[in-house]
Amino acid sequence: MQLLKKRILQDGKCYEGGILKVDSFINHQMDPVLMKSIGVEFVRLFAGTNVNKIMTIEASGIAPAIMTGYLMDLPVVFAKKKSPRTIQNALSTTVHSFTKDRDYEVVISSDFLTPKDNVLFVDDFLAYGNAALGVIDLIKQSGANLVGMGFIIEKAFQNGRKTLEERGVRVESLAIIEDLSNCRITIKD
């Protein structure tokens, strides 16, 4: 997706330790035109599948998931990083955040993730695949079916794709970062 790649090279910031900051257009301040283009691309990539629900984890995955759900005319559900007292029939799992270097217990109500669901998971980043593995666990607990996972940005050098594909998961990434060494952003063509 050329528009996204151009924006990453133009406005993305690299930090030591393999961190790519895209908060000026994806996960703090958002560019709605870019987000619509991201949604359109996920719709194209997963056209012809039997997806009937979009899923993500709060917070940075919500915008692309909403846009994708809107364009596909499908409901969107997100796993919460804190369990509210009002949640019933909660499914939960532990997820490690690479960026924040901490564990979260993520929860979702089984009222909104059921055996009837064919799920497309959408998120901002694929690094080591920790969040995605947590989602796979929640989907298994619910009895739903995972159709595939779509990521705005994949950091290929952190091997999350390999982890997921070894489990039979279809992975689609819109921009694949090959390297961030010396804080230079290298994107796969």
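Heads up, the Cβ atoms here are built off N, Cα and C, so glycines get one too.
Swiss-Prot lists N27, K155 as xanthine-binding residues, and of the candidates L20, L146 the one it assigns to that same site is L20.
Put simply, G129 (5-phospho-alpha-D-ribose 1-diphosphate binding site) is 10 Å from K155 (xanthine binding site) when counted between their Cα atoms. For the pair formed by G129 (5-phospho-alpha-D-ribose 1-diphosphate binding site) and L20 (xanthine binding site), distance between Cα atoms is given as 16 Å, rounded to the nearest Å.
A Cα-Cα distance of 15 Å separates A127 (5-phospho-alpha-D-ribose 1-diphosphate binding site) from N27 (xanthine binding site). A sphere of 10 angstroms centred on the C-beta of N27 (xanthine binding site) encloses 20 other C-beta atoms. Cα separation, Y128 (5-phospho-alpha-D-ribose 1-diphosphate binding site) to N27 (xanthine binding site), rounded: 18 Å.
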